[in-house]
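Report on the structure given below.
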Amino acid sequence: MDETQNNRTSLVKGAKDIAKEAKRQASKNFSKAADRASDEYSAHRSYNRFQNEDEEENNYNSYTQQDGHYAGNAANDEDGASSDATEGHDDEDEIYEGEYQGVPAYNDGKPREGQVALGQPVSDSLKSRKELENERQADEEELAQQYELIMQECGHGRFQWQLFFVLGLALMSDGVEVFVVGFVLPSAETDMCVPNSGAGWLGSIVYLGMMFGAFFWGGLSDKVGRRQCLLISMSVNGFFAFLSSFVQGYSMFLFCRMVSGFGIGGAVPIVFSYFAEVLAREKRGEHLSWLCMFWMIGGIYASAMAWAIIPHYGWSFSMGSAYQFHSWRVFVVVCALPCVSAVVALTFMPESPRFYLEMGKHDEAWMVLKQIHDTNMRARGEPERVFTVNRIKIPKQLDELVEMQNESANPVLKVLFKIKAELRGIWLTFMRCFNYPVKDNTVKLAAVWFTLSFGYYGLSVWFPDVIKHLQADEYASRVKIHNDERIEDFTFNFTLENQIHRNGVFLNDRFISMKFKAVTFINSSFLNCYFEDVSSVGSFFKNCTFVDSFLYNTDIDDSKLINSSLINSSFHHNKTGCQMTFDDDYSAYWVYFVNFLGTLAVLPGNIVSALLMDKIGRLSMLGGSMVLSGISCFFLWFGTSESMMIFMLCLYNGLSISAWNSLDVVTTELYPTDRRGTGFGFCNAMCKLAAVLGNLIFGSLVGITKAIPILLASSVLVGGGLVGLRLPDTRANVLM
């Protein structure tokens, strides 16, 4: 009995040796064909080196027992050995154009039904969770190395440039959204008669929406895909941004802009994750930096459109006295166009192949990679070049426990359960960002994002308001003061501007089709006066008396009559709304022009950072840029004139942009693919939280003191730069 068992064991070993020898001969023939087909890679870079040895043996050494004999299903004759990858070869191993036949079948190493695998590893069900995670980690490291070689074979060409411009439109929309807040804020609040207690909510609530959107969409992109999440988030942004231009109530307007911000919040984390996953290592830093330019282009676009559209009051229309569509609403519609363009263009782009591989979708990833390769090769004039990748490593898929619902459950409950499951998945992925070895990186990145954003957005609010205060001081210095005047039987049919009238008497006067601009009447009397079609901007009547006066179609109301008395006087057909007109804003053009200059100053820094990103390193550029920005911010202390403040604004923006570009690249490269969107989304959410705090803190200090904003911004930027220098260098890393 023992002898029979030994004979059988020897027979099995002999069959196994024969199969291995046949496999080596077949691999040798395949390597010759592949080496001749590709003039870019030598035999030592063959993708077969990434195959797991045990997995290969399982693929080639499965035996079936029939009538007491073992037949090797992989022990083919050497002359008959072939594979999908070698079809289309003639006797001299030449490859014919168009001969590649479909998607290579992916064999996961599992025995087929009815077969017995010799040396089969222990079943996954018998392994601990830690063992499975270790295996997945090893698989991911192999995949990272192989994927880098695959992207080098695909090359950098037409496909990457197409995706570059499509994702650039999405990033441009994010830049537009940030600038729209500042440009629309004074217009919307004035047009909708928002009291001072409600002013400022628009800026904060939009940033809050972007904060939650960055975390949600970034996390969801790790679950359902980069392209799909970006499409949905951009669609949400475009729809509610367009809708906000038509709503009349301020609360509804706030809601629409908040949801719009929630949608656009996913742009930054998804765009950089998506684009990085189709770039080879030597191209990644530079081209991600070029992509950052679209954020600046969005700022320039918003500034130029605000400058060209908002001050033109004649571009508006009204439907009765209740519905007003002013020029700033036209500006909101125009600013939604980049988002709409991005949604349309994105429908023609494929999903990230790196995400497909992470999800175990081998065939889908292979098809996208082949599309990238073929698109680039056709653009190079080499359409006959064959995509030589035969099989790609897929990380072990870890099953997650999912609570099953009854199939007959209410559809609403099913939807709620699906939402709950997705949110739980996002939260679990987020918690993994605080596991070893990425925990320290997450904390440091969050600190750098917060400090850079706090200084940048805080100063972005502070700069324009300081300039407005300087302009207002200069405007007030030119005020004309009239004391103890007496005017009788006179018709005012022109504009009164920047005047103060004290102790005046107006007797039998007529105010017809005229405007009061920054005019204040103090202790004045209006006796038997007639007001018709009068508009007032920044004008007030303090301690005044109206006797036997008639006011028709004016906007003079209780808010402008401060401690004033009406004796036998009446108001008829008062104007509704705030009658906002930017023709009455003496600083509108100048404020938009200053923002335009500040955004344009980013261009040189963007070009320099893109060219030097891979030469001097991400961390040197990040830390150096933040420290220099903090130093330039300190010199604002010495700015006493409007022109000096504008120059310092341009210098600060030009120096800080390199830090933003470096931070985007470093964040993308530090997180593995299964957590890249989540980690980037969390960091970007911290960025928007800092923007909210910066708005509140710096906005409250405008006109009070220069010392606190300047010292706070300088110290925060320098501290964040020093933290950034302690991050790991990712310049030579493959994309995990």
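For all residues, glycine too, the Cβ spot is worked out from N, Cα and C.
Quick look at what TrEMBL annotates:
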COMPBIAS  1-10  compositional bias 'Polar residues'
DOMAIN    163-731  domain 'Major facilitator superfamily (MFS) profile'
REGION    1-90  region 'Disordered'
REGION    102-139  region 'Disordered'
TRANSMEM  163-186  transmembrane segment
TRANSMEM  198-217  transmembrane segment
TRANSMEM  229-246  transmembrane segment
TRANSMEM  252-276  transmembrane segment
TRANSMEM  288-310  transmembrane segment
TRANSMEM  330-349  transmembrane segment
TRANSMEM  445-463  transmembrane segment
TRANSMEM  589-612  transmembrane segment
TRANSMEM  619-638  transmembrane segment
TRANSMEM  644-666  transmembrane segment
TRANSMEM  678-701  transmembrane segment
TRANSMEM  707-727  transmembrane segment
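The transmembrane segment (707-727) shares more Cβ pairs under 8 Å with 678-701 than with any other stretch in the list 252-276, 330-349, 678-701.
It is 330-349 that, among the stretches 288-310, 330-349, 445-463, 644-666, 678-701, forms the most Cβ pairs under 8 Å with the transmembrane segment (229-246).
If one looks beyond the transmembrane segment (288-310) by at least 6 residues along the same chain, the residues whose Cβ comes under 8 Å of a Cβ in the stretch are 164, 167-169, 171-180, 183, 187, 271-272, 275-276, 279, 327-328, 330-331, 334-335, 338, 582, 588-589, 592-593, 595-596, 599-600, 602-603, 606, 609-610, 613, 657, 660-661, 664-665, 668. Against the transmembrane segment (445-463), the recorded stretches 163-186, 619-638, 678-701 differ in Cβ pairs under 8 Å, and the greatest number is found for 678-701. The recorded stretches the transmembrane segment (252-276) and the transmembrane segment (678-701) share 3+ CB pairs below 8 A when only pairs 6 or more apart in sequence are counted, and are therefore in contact. Model confidence over the domain 'Major facilitator superfamily (MFS) profile' (163-731) is summarised by a mean pLDDT of 81.
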